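Engineer: Swiss-Prot lists these features:
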- 16-282: domain 'Protein kinase' (DOMAIN)
- 22, 23, 24, 25, 26, 27, 28, 29, 30, 45: ATP binding site (BINDING)
- 147: active site, proton acceptor (ACT_SITE)
């Protein structure tokens, strides 16, 4: 359905005139609105993923909570956007859910493609630190992102040095009332996420915990440096079992993974991925140590 020209009424009774379609993904279509600072994200209500996003926005992404966390952690920027409004729209046969969210700029995937599919190591390390800061905030609220990738990392419209991790349709609550979810497989959750970057736990049907997001970020940084992961081509065939088995093969062979992917083994990624692979499912990472490792790649 083309929503352009429709007037949507949100939960606060404000109206939004839907403009042209500017993006489409697995978790909804994105349209401009009559306010250039915002876009509207729409999908059928029955799909459920936009409800997951809405719940995450309303429960976790409160500006006051983010600001307080930044001050307490002495971190200048947390790359998470907030939700302006939400609502439902009913057509003749289908009911739709919509969110009104901040309008951002180009995504990192477009930037990488415009740079011959690779970025300088310094840039990759800086991006890695920004995403690490962002997922640390999420993790300390008890949530994992579950789908970190370049197309889900978006530049600010004005300040191109600010990045935002978007698309919260696969967020998982791994902590509740201070208790970690148990290490129990759910066959319905197997292989969630983007196959090339899906963490091994997710392949097996476990809820993505902190180590899963960090694992995915490691795969992403290899790709942003211009590497081709050993399972990149396999993932295009949608052979989930073979992708999972190939990832598992490299868990204790980080140097081989890097040499196979990049033809060299950056010290920072060797240390980062090795440390990720040493984490248990329940363990809280030492984010400062991970930041320190990546920061070395910024200056050396």
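Cβ from N, Cα, C; glycine included.
Have a look at these and tell me how they're positioned relative to everything else.
Structural biologist: Here the domain 'Protein kinase' (16-282) returns a mean pLDDT of 96 for the predicted model.
Annotation for residue 22 (ATP binding site): spatial neighbours 30, 31, 32, 39, criterion Cβ-Cβ under 8 Å with sequence separation of six or more. The DSSP secondary structure for residue 22 (ATP binding site) is strand.
DSSP assigns residue 147 (active site, proton acceptor) to coil, not to a helix or a strand.
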Engineer: Among 26, 28, the binding-site residues in question, whose Cβ has the most other Cβ atoms within 10 Å in this structure?
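Structural biologist: It comes out as 28.
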Engineer: Which residue among the recorded positions 24, 30, 147 has the fewest other Cβ atoms within 10 Å of its Cβ, if you could check?
Structural biologist: 24
Engineer: If you measure residue 26 (ATP binding site) to residue 147 (active site, proton acceptor) at Cα, how many Å is it?
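Structural biologist: Here the two Cα atoms are 11 Å apart.
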Engineer: Could you tell me the maximum Cα-Cα distance in Å between the residues recorded as binding ATP, namely 22, 23, 24, 25, 26, 27, 28, 29, 30, 45, rounded to a whole number?
Structural biologist: 20
Engineer: Cα of residue 147 (active site, proton acceptor) to Cα of residue 28 (ATP binding site): how many Å, rounded?
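Structural biologist: A Cα-Cα distance of 15 Å.
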